[in-house]
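Peer 1: Mind looking over this structure? Questions follow.
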Amino acid sequence: MLRVRCFRGGSRGAEAVHYIGSRLGRVFTGWVQRSFQSTQAATASQNTFAANDNKATSPVPKDCLVCSYNEWDPLEEVIVGRAENACVPPFSVEVKANTYEKYWGFYQKFGGQSFPKDHLKKAVAEIEEMCNILKREGVIVKRPDPIDWSVKYKTPDFESTGMYAAMPRDILLVVGNEIIEAPMAWRARFFEYRAYRRIIKDYFKQGAKWTTAPKPTMADELYDQDYPIRSVEDRHKLAAQGKFVTTEFEPCFDAADFIRAGRDIFAQRSQVTNYMGIEWMRRHLAPDYRVHIISFKDPNPMHIDATFNIIGPGLVLSNPDRPCHQIELFKKAGWTVIQPPVPLIPDDHPLWMSSKWLSMNVLMLDEKRVMVDANETSIQKMFENLGISTIKVSIRHANSLGGGFHCWTCDIRRRGTLQSYFD
């Protein structure tokens with residue numbers, strides 16, 4: 001089993017703890033260290049490992065429709081997002097920090113308005129076809145409710161318009177028979193949960209656990225209002241210093257900054273997920289699950305699954321442009337680390353919210369079937385060489401809204417059991 005104490009050894013982890021401690025004090029330093037060490041107390045001896053691994057966990061009700069422990073067990077039911085009514089978020093400080101300079105004019109001009117109508121129409125058609133293909137593969141598909149995201153709303157701390165319900169992976173995390181509703185970090189996504197409430201209530205009635213993480217106020221104090229981004233060089237410098245646009249004022253996280261491998265869940269500190277959010281998740285899921293912080297050479301970290309995508313037991317895609325600082329831990333644990341090929345998406349295709357590396361943001365239907373973009377022939381060949389059949393779907397226009405197949409979905413039920421993959 002992977003010894004979590006190994007995460008302490010990296011100098012970047014120590015630097016991050018020192019930096020946070022210097023900013024926020026000894027008490028805060030203590031629990032950040034515990035986050036880096038994860039559940040070290042539970043890994044005191046090999047006997048403890050065995051006891052923990054064999055310990056009975058809360059049984060999943062027999063008729064519960066929700067049950068998923070990893071990213072690759074056979075997929076039986078999934079939520080797929082909607083592009084309908086998607087709106088450009090207002091150009092606030094957190095949006096600026098997460099988007100590329102060449103699109104800032106787009107946000108300044110169209111913030112609060114619809115994404116280009118023709119583009120949205122094509123994205124809607126692509127996702128409909130994706131849903132049809134999933135159904136033909138034997139997967140039950142659920143969809144969020146359509147909502148008018150252009151409506152302005154106001155809280156005591158801010159006002160904004162909404163964005164969309166396109167990426168259920170961003171807001172929902174399924175761990176066993178529990179649906180965890182993420183608090184989010186963008187003001188434009190504050191009320192995004194409303195599109196999913198009907199579905200979640202139905203799952204709850206069928207026996208699922210339903211947890212909503214503490215909702216942040218999203219007051220000005222949650223954001224570094226003077227976050228100094230002016231160029232790509234700025235991004236690299238800030239990332240190297242461990243500085244992010246979100247502060248530690250209150251817990252915040254997007255569910256897509258967590259990726260599951262049975263009892264072990266890996267998370268990154270990003271522009272939308274802070275250490276307090278990761279710590280909340282760690283405490284909430286302990287002792288049955290261990291949450292580990294990993295980090296990457298990434299100038300703009302936001303969501304882990306186009307950087308580090310676990311696709312099978314002992315098998316992970318690791319973005320060659322954003323190497324993982326702790327990758328040797330996976331190799332020492334016997335995992336196979338695969339670097340996916342360079343994406344083929346054209347330079348002139350609009351990607352308002354993401355990079356080209358959505359090519360590796362794939363959805364595993366099981367260990368031997370993967371949903372992959374029909375245009376990405378290089379990664380198709382990579383999967384075929386691994387003995388994994390490719391189910392090809394084109395979602396180029398849907399990509400423009402900020403996600404690939406993994407982002408556009410949230411797996412509700414996979415046929416499998418809770419296991420540890422680091423023995």
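Just so you know, glycine gets a Cβ as well, placed from its N, Cα and C.
Predicted, not measured: the structure shown is a model, and the values here were computed from it.
Sharing the features that TrEMBL gives for it:
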- D254: active site (ACT_SITE)
- H303: active site (ACT_SITE)
- C407: active site, amidino-cysteine intermediate (ACT_SITE)
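Distances, neighbours, how buried they are, the whole picture for these features please.
Peer 2: Packing around D254 (active site) is summarised by its Cβ count: 25 other Cβ atoms lie within 10 angstroms of its Cβ, all protein chains included.
Around the Cβ of H303 (active site), the number of neighbouring Cβ atoms within 10 Å comes to 28.
For C407 (active site, amidino-cysteine intermediate), the Cβ neighbour count at a 10 Å cut-off comes to 26, with all displayed protein chains included.
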